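TrEMBL annotations:
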TRANSMEM  33-54  transmembrane segment
TRANSMEM  232-252  transmembrane segment
TRANSMEM  259-277  transmembrane segment
TRANSMEM  315-336  transmembrane segment
TRANSMEM  357-380  transmembrane segment
TRANSMEM  452-479  transmembrane segment
TRANSMEM  500-522  transmembrane segment
TRANSMEM  600-623  transmembrane segment
TRANSMEM  635-660  transmembrane segment
Amino acid sequence: MAENENFYGKNGEPRKYDPNFKGPIEKRGCTDIVCCILFIICVLAYIAVGILAWSQGDPRKAIYPTDSRGQFCGQAGTPLQNKSMVFYFNILKCASPMVLLEFQCPTTQMCVEKCPEKYMTLLSAYPIKKDFDYYKNFCQEGVTNSMGVPEILKRGLCPAVLIPSKSFTKRCFPSLGMNNGKVTVGGQDKVNDGEGNTVPAEDLLYGVKNATVVIEARQVVMKIFEDYTHSWYWILIGLAIAMVLSLLFIILLRYLAAIMVWVVIALLILVIGYGIVHCYMEYASLKGEPGANVTLQELGFQTDFAVYLQLQQTWLAFMIILAIVEVIIILLLIFLRKRILIAIALIKEASRAIGHVMCSLFYPLFTFLLLALVIAYWAVTAVFLSTSNQPIYKVFNESACEYSRQTCSPANFSDSPEKKACPDSQCLFAFYGGETPYHKYLIVLQFYNVFLFFWCANFVIALGQMTLAGAFASYYWAFSKPDDIPTFPVFSSLGRSLRYHTGTLAFGALILSIVQLIRVLLEYLDHKLKGAQNKFAKFLLCCLKCCFWCLEKIIKFLNRNAYIMVAIYGKNFCTAAKDAFFLLLRNMIRVAVLDKVTDFLLFLGKLLVVGLVGIFAFFFFSGRVKAFADTAPNLHYYWVPILTVAVGSFLIASGFFSVYSMCVDTLFLCFLEDLERNDGSAEKPYLMPENLRKILNKKNTAQPGQ
């Protein structure tokens, strides 16, 4: 008795029997009100940030390219509506290091209807009227036939050379090719560099070395889009099959859970046993072979690892390791057999519970819609915030100039002191920015946008967990199933969660969001320090990332179980988290066994669903089966719908099995509470299913007179 008191004293007090407890408490009060108020204020501020961003931002900056004056190319209702492409006068200047700082090529950019299709220089096109008229499509206004070539180039009205280009993201990039191992532009391996010099075409790679890859990628994307248009309905059919298979697997777990677990355990023991035998046979076959008796220490480290397989000592080490693992597994089975049986019984009961609360399987759709809304709001706000800056113009020049890279006004630049001091300079659009208080604190608003995104997303996930926990707890604590189960357990639990525990949900989500935000900042620092040579800083950063990753996993586990206790008893977050923690601590081994067995079964389920649907999609879309040859659509890449169906099937299976996992966790906590608060007497009967009572050698005493 003293030992039990000491145990409970260190790990919390077990819950006492309450004759009025009939499942999730209906009469409860609001919890964590301060956090609820804080969350509401932050969400209202988030809405205000969104409204401010929408009033200041201009998403056209992210959609349309701009010319040197900051005008949008291809925008409807403007003189440039038919000129949707951006043409660079000298694409080689995009290779300047200043591009990385200014995010703008230091060359004239203009909107054009289509990219150049011919290779020609201004000098060669000028004498021929037809060629010059074509050339003027890529020149600024004010070019006339009476101007000479030197004057045109001096005033920067035309590019010195036109290079055949292709459009990518509405920007003209040189059309690069290969001929006899040489880089060509428009079929030529030597081109004019825009400054009167003839250079190899491969020199253009300094400015656009990825242009060919990018253009080919664009063609691939177009083909993939066509494949989707031809196969979308078959993809939907595949996803519907995945949904049916997921539901079928959950139902079959009621009958096949025990068989699956024990068969896999037996196969694991047999496989390890075969490994031991194989290692012994290899060890015996090397006996007497020259050099086989050399030790690992004598051989030392070798880059060719196959050499180690020629040593007897290697196979002896493998055999000893496998034998130790085999003994450990067998001992665990002997001592944990009852706990494995409890885990299997709870998994079966979870399948039965979902059968009585079928609407719970469709609750993830509601969570998905809320998450989609949160993600959409975050993405739109981020776009508007990032495009709410004002156009900034700077002086760009060829020769030395004291005004270089200073801000300027394009409206009166021709008469400005900057132009007089630097005749060859131009006032070009540089980037979007601003000097107002709003623009100065824009990074703070972006940071707030990210933080509220994490908080709202975690709140939605927490709401789903608490809602499902309340519904399944109603099932467990019903004395007579299914008669005592509420009519709409999911909706009742959702109403309780929102009415009484919004603050608790916000509290748990806030703690998790802070940790996730720290992880994002650490990833950002890691990205910035990739080129650093400080080994200690890298090591410290790696340790911090690992620690916060573990902390996030721990908090998710504690939050999940805290929400279950809140759904049942209606306590605040800290009390519920403490009760759940000590309850699990008093049953550590059961927790570990149930967690691993459940994870294993759900992993098998996902593997089964994705595998079956993926194999079916492969044979259908690849045309390997003649029966489907006429039905299957003609595709550029048959792996596109196959991969889409496989990923979609995994997401669908994860959605269904997340409900199942929440059900198992809820029933497990209820089971532990049942063991502590009841003793099987007529006054305090166990509510666990009969198969669990048999495993634990527990029984309910019959009511008097029965």
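One is the number of the first residue shown, and numbering goes on along the chain from there.
Backbone N, Cα and C atoms are what each Cβ position is placed from, and that goes for glycine too.
Any TrEMBL annotation is an automated prediction that lacks curation.
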Contact ranking winner - 259-277, 315-336, 500-522, 600-623, 635-660 against the transmembrane segment (357-380), Cβ under 8 Å: 635-660
Ranked first among 452-479, 600-623, 635-660 for CB pairs under 8 angstroms with the transmembrane segment (232-252): 635-660
The transmembrane segment (33-54) and the transmembrane segment (600-623) contact flag, 3+ Cβ pairs under 8 angstroms: no
Other parts of the chain folded back onto the transmembrane segment (259-277), taken as Cβ under 8 Å at six or more residues beyond its ends: 318-319, 322-323, 325-326, 329-330, 333, 340, 344, 597, 600-601, 604
